[in-house]
Amino acid sequence: MLPRPVFFARPILARAYASPSSPHALLFLDHRKGVIDPGSLSALTAASQLGGQVTGLVVGSNDHVTSVLDKAKSLKGLTSLLHSTSDVYSEPLPETISPLLEKILSGSQYTHVVSTPSSLAKSLLPRVAARLDVPAVSEITSLEHDAASNSTTFTRPIYAGNAIATVRLPSAVPIKFFTVRGTSFDAAPLEEGKEVPIQAVDPVDVSDSPTQHLSTNLAKSDRPDLSVASRVVSGGRPLKNAETFEATLYPLADVLGAAVGASRAAVDAGYADNSLQVGQTGKVVAPELYMAFGISGAIQHLAGMKDSKLIVAVNKDPDAPIFQVADVGLVADLYEVVPQLVEKLKQ
């Protein structure tokens with residue numbers, strides 16, 4: 001027996017969620033304890049390129065939401081703000097926020113739902129999209145909206161960045177969900193004196209949810225956040241152990257005011273915390289300066305840093321793949337090079 005063709009459901013959905021001709025995007029503003037995720041600012045820039053209105057959605061406890069609203073109301077590109085406060089949302093989970101997002105979208109005039117690809121949004125947006133029987137496109141790097149046909153075309157990297165897929169969502173898709181790769185769009189700036197309309201949305205009762213938040217463990221560091229740092233110093237497997245990793249790279253990172261990153265091999269070996277992993281299964285970065293020490297340049301790592309403005313690589317292997325993308329390459333022993341760099345920079 002053949003499965004039911006999905007197009008049978010489309011006419012019903014299109015009537016329930018009628019799309020206006022002008023785009024109206026709903027931007028999920030992700031934040032951590034009242035501090036807006038930098039990726040959300042890039043997602044706002046992408047949403048603005050649709051050429052229509054952009055409404056921000058802030059969810060959390062009262063104190064955190066108030067802090068976010070104070071900053072978000074002046075963001076360039078936003079036309080309005082929605083917020084929902086509840087103790088249930090103090091530690092946001094996809095299971096608790098998805099009913100609220102469904103409620104907001106039900107019968108609304110929103111044409112797009114946008115977010116940064118945070119750990120929360122990666123679960124939240126596909127969950128709600130599946131409930132509404134529409135597709136979701138992840139980590140787009142460009143977009144173009146055709147008002148005449150009410151279709152949106154995206155590009156996104158595939159095969160660890162070795163190919164670019166072009167994805168078109170036609171007018172038959174009434175609400176288009178997508179996340180935005182932050183390194184591909186500039187962060188939306190603040191506009192002095194601007195204030196957008198703010199409206200409250202009642203929270204949805206999720207008391208019967210089987211999911212509960214137990215704890216959150218975050219790695220703390222005085223260094224810049226790896227995701228948004230303008231300079232990054234990364235190390236690989238040749239750094240031997242966690243003590244050597246720290247003793248070798250941290251002094252250089254300190255003198256440069258740089259964030260510290262690591263290859264997957266270094267993370268798997270226990271040299272560095274998972275939060276420092278750069279690559280396809282870690283963080284995607286695009287700093288002004290990326291320095292790679294003892295990193296061979298596996299395709300998975302290159303996918304996370306090849307958009308950096310200036311790539312400096314130091315490796316003993318002259319055939320290391322990292323040299324194919326490096327702007328400056330040095331075939332040398334990192335244990336000799338790094339101390340010399342630190343000494344020269346201090347001078």
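Just so it is clear, glycine is given a Cβ too, placed from its N, Cα and C backbone atoms.
Here's what TrEMBL has on this protein:
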| type | residues | note |
| --- | --- | --- |
| BINDING | R237, 263-264, 277-281, 294-301, N315 | FAD binding site |
| DOMAIN | 25-223 | domain 'Electron transfer flavoprotein alpha/beta-subunit N-terminal' |
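The most densely surrounded of the binding-site residues Q277, Q280, judged by C-beta neighbours within 10 angstroms, is Q277. Ranking the binding-site residues R237, H301 by other CB atoms within 10 A of the CB puts R237 at the bottom.
Across the binding-site residues listed here (I295, A298), the residue whose Cβ sits among the most other Cβ atoms within 10 Å is I295. Over the domain 'Electron transfer flavoprotein alpha/beta-subunit N-terminal' (25-223), the average per-residue pLDDT in this prediction is 92.
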